[in-house]
Amino acid sequence: MFDNGYSGFQFCGIFVQRQLEEPTTVSNLWNYLAFVAFVVVSALIPIRKRLCSRKVKTKEDYVFGAGHISMLAMMLSIARGTLGVISVLGYPSEFFYRGTAMWETLYGMMTAYPIVCFVFIPVYFDLGITSVYQYLELRFNSRLVRCLASGTYILRTLLSLGVTIYTPTVALNTIIGVPYWASLLCITCISIFFNALGGMKAAVAADVIQSLSMTAMLVGIVIYCCVKSGGVDQVVAIGAQAGRMNFFNFAADLHLRVTTTSAWLGELFMSLSLLGCQQNFVQRYLSMPTLRKIRQTMLVNIPLVAVLFSLPWLVGMGIFALYYTCDPLKAGNIEKMDQILPYFIMDYFSKVPGVWGLFVGTLFNGALTLNISNINSLATVTWEDFLSLLPGFRKKADSYQLTVIKLVGTIYAILILGVGFLVGLLSGVIESSVLVLSATSGPLLGVFILAMFVPFANWKGAALGMLVSHGVTVWIVTGRMMYVEVYDSLLSTSIEGCVGDAPFLTNSTSYIVVDQMSRIMPMAVQGDSFLYRIYSVSYMYYGVFGTILTVAVGLVFSLATWSSVDAYNTKMLHPAVRWLHERSPFGGKRFGSFDVNKGDKLPPSAKVVVVSNLTVKDSGKS
């Protein structure tokens, strides 16, 4: 579902020397037309009603879609992350060169959905909040904790979107010849236009179109590969005989790149952080009218997510069945393993009018819709968690708030454009940013666990827990990038079936050998040292360690610093925890908690404010 460390901006830099026969001018024309038509139509359909209507959109309609989004559309929008551009391009190459080990991250995703459905959503639903991070301020009575969480989300999303929008621009530059800066400007301009006229409903519609188009493309590739290889059974047999079906590896070594344990556990914590604590997902849940509808959508979505996530892996199996005797990477036809899918499209469909145009258009539109969808959430979080708290923006009219949110969305689109340019200028930034993104999951999930499940947690413990967790995980990530290059072994491939000359075979092979030798050599830290073993821990565990560290530090510091001013409304706890807390000998007044709705007397320092249908306290401190 989520990016797991692929070098996205290098995925389709196919060697000029290996360019297949140039398509005819007519064929190229059809590809250009297919690309432009697909992008334009898929961008205009979600906002067609807005273009033809003079009705003024309200803030509620813009942020939540005013409750008029169908269950099927919401399912596809939530599942949209399983078919991201990098996953579609990365998972086929992952199967080709490493097998199915990373596929087992699906276990973590499927485990996370019911947990989010029955544990996280019931807490949010009755609060009437617009930003999920507003909950943290209500629980801890601290703007600092709220701003730390929302700031983490904003930074993570900006870095991720910068990588995402850059990825298809290289495809356009390599296959069509469009300068990458022109593609970035095009994506940004469309995103700004869409942001001004769209909103949540339009973003969901764009997600639906992208999910359907990406699914259709992948299904078509799977069918073609099965027919070309002699059937599904032949595709599976070839992969199994070549040792690609490597399931259920429960090795306890934390330094292995991915095992069944790290795939399940690491993805579980990552998915809980994204699905349960990230604005763009929670914003979709809360746009639905009832809690029952949310639960139905989430639970029915599990098999849909499993199918969509598995599609790129089936594509990888099909491509491997066609190339298992002639590895394009070893033969020197591609530079990086992530180029295998674009190479396959050019190899088999370069003379079919419109095919590679639709392929590149689908990737371009995938980055575009993801950018649009997240700009909406980024703007909403910025308004609710930062701007609306400033004196000059308080108690403004609904139309004024909507205008500011759209303006903030435009600013974010420009910032993402800048990150995209930096991705193109700096070497190795994608691997680094992916590790940073993984490191942010733990602190974010940990602070929500403290808020929902730890009755005596206070804002001091929550803030310190997040800061310590961020510091430690960033230190480990930095150490990994600077001092330890962990070698990832690739499964064996063959070039015995290659037809014709492979003039770059010697250079390619020597490059791979030198690259692998350099990766296994420790730099400034010795391989048997304590620091080396910490730095070389698989990044799949970063979210797990970050969560545990946040909760542990938060627990200890909260107990050490608790005072009467930390009193809070027990309505903020998870219902099950609240029930146990009220009956526990350590609950109730021992930690100064109260329930306004039951008539409990408030602490002297507290004053009552009303947020939607929920009464909470606010002592006014940050």
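Placed from the backbone N, Cα and C atoms, the Cβ positions cover glycine too.
Given the ranges 145-166, 497-518, the record in TrEMBL names 145-166 as transmembrane segment. Taking residue pairs at least 6 apart in sequence, the transmembrane segment (145-166) and the transmembrane segment (539-562) share fewer than three C-beta contacts under 8 angstroms. For the transmembrane segment (298-324), the residues of the chain that approach it from at least six positions outside its boundaries are 1, 71, 75-76, 78-79, 82-83, 87-88, 90-96, 100, 103, 106, 109-110, 113-114, 116-117, 121, 211, 215, 218-219, 221-222, 224-226, 228-229, 234-236, 238-239, 242, 244, 285, 340-341, 344, 493-494, 497, judged by C-beta separation under 8 angstroms.
Contacts between the transmembrane segment (29-47) and the transmembrane segment (404-426): absent, as fewer than 3 C-beta pairs lie under 8 angstroms at sequence separation of six or more. Stretch with the most C-beta contacts under 8 angstroms to the transmembrane segment (145-166), considering only 178-197, 404-426, 461-483: 404-426. Cβ atoms under 8 Å from those of the transmembrane segment (404-426) belong to residues 9, 59, 62-63, 158-159, 161-163, 165-166, 169, 180-181, 184-185, 187-188, 191-192, 195-196, 371, 375-376, 378-380, 382-383, 387, 393, 396 of the same chain, restricted to positions at least 6 beyond its ends.
Cβ atoms under 8 Å from those of the transmembrane segment (111-133) belong to residues 63, 146, 149-150, 153, 264, 267-268, 271-272, 275-279, 282-283, 285-286, 291, 294-295, 298-299, 301-302, 305, 380-381, 384-385, 448, 452, 572-575, 611-614 of the same chain, restricted to positions at least 6 beyond its ends.
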